[in-house]
Amino acid sequence: MSAKRQVVSSPERCKVLVVDDDLTARLLASQALGREQFDVIVAEEGITALQIFQQEQPDIVLMDVEMPGLNGFEVCRQLRNMPCGKLVPILMATGQDDIESVREAYAAGATDFVTKPFNWQILGHRLRYMIRASNITEQLHELQKSEVRLGNAQRIARMGNWEWNLKTGELYWSDQLFSLLGIQRGMAKAGLKTFLHRIPLRERSQIHHWLKELIASNESGFASGIKHRVSVAEGLMLDVQHQAEVFCDEDGSAKLISGTMLDVTELKKAQDQILKLARFDSLTGLSNRSVFRERVQMAMEHAERQGYLGAVLFLDLDNFKRINDTFGHGIGDLLLQEVAKRLNSCVRNTDMVGHDQSSSLVARFGGDEFTVLLPEINQVKDAEQVARRILESIGHQINLAGHDVVVTPSIGIAIFPHHGENVDSLMKNVDAAMYYVKHAGKNGYELFVKSMNVVAKRRLELESNLRKAIELNELSLNYQPQIDMQTNRIIGVEALLRWHSEELGFVSPVEFIPVAEETGLITPIGEWVMREACAQAVRWQVQGLPEIRMAVNLSVRQFAKQSLEKQVNQVLLDTGLPVHCLELEITENMMMDDVEGSVETLHRLKALGVQLAIDDFGTGYSSLSYLKRFPIDRLKVDRSFITHVTTDPGDASVTQAIIAVAHNLGLSVTAEGVEEESQLAFLREHSCEEVQGYLFSRPLKADDLAELLGSNNGYIHL
Ligand SMILES: Nc1nc2c(ncn2[C@@H]2O[C@H](COP(=O)(O)O[C@H]3[C@@H](O)[C@H](n4cnc5c(=O)[nH]c(N)nc54)O[C@@H]3COP(=O)(O)O)[C@@H](O)[C@H]2O)c(=O)[nH]1
């Protein structure tokens with residue numbers, strides 16, 4: 001390698017690589033260019049030139065075209081392919097009039113050419129000029145690159161920028177700003193008018209105000225932002241965030257405003273969605289509990305200031321859980337959506353989004369609970385009228401995916417300011433009013449009165465104590481004999497649940513069974529009852545007592561459970577009770593909500609071999625045509641008919657008719673609540689098969705029942 005550094009390089013000196021196979025030319029170049037303040041490096045042929053170029057990275061290359069091995073054109077081409085050789089100026093030395101070489105030199109990537117012989121002084125200047133020009137080109141190139149990068153970054157970020165020279169009025173818009181505004185560059189001039197034209201009319205004045213504030217700030221670095229919308233095409237609106245900063249003259253007056261405009265449409269959509277999720281119920285689209293409470297708070301404050309009355313209605317669907325359990329959650333959801341719709345149509349001037357303070361508001365409070373706010377009413381009667389409208393509307397049959405269902409609501413009403421000094425107490429009271437309706441038979445409305453809190457408190461007590469009742473062993477069963485009128489013998493017993501609470505004392509099933517139903521506690525309790533009753537029947541058999549039937553009451557929820565038949569089967573397997581000894585008592589109303597489903601459930605239970613009875617018969621609304629389809633064994637005439645069977649001709653006729661219908665369908669009859677000899681005589685006269693009531697025995701503890709069953713072989717003197 002014949003590279004030689006001729007002069008030690010100083011910072012302002014330039015480095016030139018001279019490539020020539022002619023020794024004299026190289027020496028001459030070294031001397032002449034050295035005199036012109038160049039650091040000269042020389043190479044005598046192409047390969048060496050490429051190596052030196054890489055090591056030394058000269059500022060410029062002066063290269064002869066004619067060389068042995070790689071000629072100047074080839075070396076030039078290869079230099080241009082090197083990453084560090086793309087921009088270095090290359091000056092090719094050609095012969096006089098050698099036009100072909102000139103063409104080829106340009107084609108190979110040369111920057112310029114020079115003809116031999118050289119004027120060294122002029123050549124020195126020329127080399128310097130080329131180096132400077134190449135530096136500027138390089139800077140321009142870098143600038144272009146960073147502009148492209150900025151453009152890309154703005155495009156990706158969906159951001160445009162602008163600059164407004166307040167002294168000249170000149171306005172610059174970046175490509176991205178044009179594109180965000182939906183304008184093709186060249187189709188419109190960057191200008192305030194063009195920009196405002198794209199702003200919805202109602203938002204223009206706030207933009208004017210914002211710009212004025214910026215201009216008037218007269219403070220360098222003063223920055224301010226604004227959010228607004230931009231209409232970019234027919235029906236297409238963007239949400240944008242504008243940010244601008246002011247630059248001032250030495251005299252302190254604003255001379256330039258520089259701004260950015262960022263498209264935040266997607267971000268805003270996401271924020272709106274989050275806000276919606278936080279404030280609205282996604283199933284029904286109604287406002288949620290927290291929005292409702294906020295609005296009640298505002299309405300109460302407003303009512304107090306203005307001396308108005310307002311009302312809150314609290315609505316719970318009766319037996320919604322049964323519909324959910326029977327038809328599944330999908331249908332339950334459809335029902336809630338339909339109820340939401342009907343509620344909205346019942347309440348005039350409803351505010352769906354929860355913004356308008358003077359409008360009524362319907363909200364989903366949770367589960368099957370809905371609330372209605374009537375912020376201004378003239379009199380209490382107005383709230384009651386809305387409640388009546390709701391009862392009427394919701395009570396109409398609803399078809400849900402082919403299933404006809406009827407649901408009814410229980411509605412509590414509380415008036416403010418009378419029924420609560422704050423939102424909490426108002427909501428507590430309206431809740432108490434709703435529970436009062438539930439316990440008074442459902443499907444109605446009631447205005448809050450103070451005594452209702454006693455009922456609500458008791459219910460809470462029952463619920464919290466009932467939750468621990470199984471664990472604390474507070475539940476027990478009593479057994480009431482059922483007597484065969486032909487043989488006068490006990491042929492069965494009905495298992496009746498008793499609760500002796502440590503805290504509350506004895507609680508009647510009439511009171512706690514509905515609470516267990518509402519809270520779902522009936523599921524574990526009902527299973528406990530079935531297991532305990534079957535196990536007791538087996539214990540009596542093991543004691544050598546006569547085999548009798550064990551009747552167990554099923555709750556609404558138990559009957560609606562798909563797994564009921566599995567559960568019954570498992571209990572029978574676990575306890576060892578022969579299947580024909582178990583009778584399940586179901587009420588008419590349990591079956592009428594979903595007749596087809598009930599027929600199926602009853603058939604599945606019947607297939608196990610258990611006996612089936614319809615309890616409280618005559619009080620429900622079953623029809624004879626349905627009765628034929630139920631695979632049942634027995635009807636139990638409700639106590640309410642038997643009580644007056646000898647004194648009320650109506651009850652006597654109903655009892656007679658039930659016995660006749662049962663016999664016609666091949667069913668046997670048990671009369672419940674027989675307390676008097678005269679009632680027994682009536683039932684005997686009309687061929688009732690079995691009787692049950694205080695006349696023979698009250699419900700007994702297991703040991704007492706065993707004693708009764710053991711004495712006289714279960715024979716009862718009638
Ligand atoms: N789902 C379940 N329900 C149950 C269960 N155990 C009881 N219950 C239901 O609770 C209601 C009240 O029952 P109870 O207080 O036990 O009253 C029963 C009898 O004691 C009473 N009865 C019986 N004979 C007479 C009488 O001659 N006079 C009179 N005044 N009362 C009498 O009737 C009730 C039995 O009713 P029924 O079930 O309709 O046959 C009641 O609805 C029970 O069903 C349980 O485990 N699960």
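Positions of Cβ are set from backbone N, Cα and C atoms, glycine also.
What TrEMBL says about this one:
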type	residues	note
DOMAIN	15-131	domain 'Response regulatory'
DOMAIN	224-276	domain 'PAC'
DOMAIN	308-450	domain 'GGDEF'
DOMAIN	459-713	domain 'EAL'
MOD_RES	D64	4-aspartylphosphate
For D64 (4-aspartylphosphate), nearby residues of its own chain (Cβ under 8 Å, 6 or more apart in sequence): V19, D20, D21, D22, A25, G72, M92, A93
Integer average pLDDT (0 to 100) for the domain 'PAC' (224-276): 92
The domain 'GGDEF' (308-450): DSSP-derived helix, strand, coil residue counts: 58 helix, 44 strand, 41 coil
